């Protein structure tokens, strides 16, 4: 073991520990896309439920998927799962009330 320490050219007094930069100097860490998509998903879910618009319910599912895909693992998953379940329930309720195929909005 002492032979290893004798042949090691690194000096232990020059070792510097890594310190991550603060989040305010790196704007890439504060990406607002998941939050915006979560909010849009909830808005479209409510429009799909209240106005019985199937395309709004499908857009809500799409926004929920984008929000889930762009979120960090450290974020709260309860809000994301509630948004996802709200969008799924909007699709289910809109098709239970009117089982006809969706007509394009244009």
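Backbone N, Cα and C atoms are what each Cβ position is placed from, and that goes for glycine too.
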(message) Looking at 12-32, 75-95, which stretch does Swiss-Prot describe as transmembrane segment?
(response) 75-95
(message) Per the topological domains given in Swiss-Prot, are residue 11 and residue 74 together on one face of the membrane?
(response) yes
(request) Kindly report the helix/strand/coil residue split of the topological domain 'Cytoplasmic' (71-74) according to DSSP, in that order. (result) 0 helix, 0 strand, 4 coil
(request) Across the whole of the topological domain 'Cytoplasmic' (71-74), what does the mean pLDDT come to? Round it, please. (result) 78
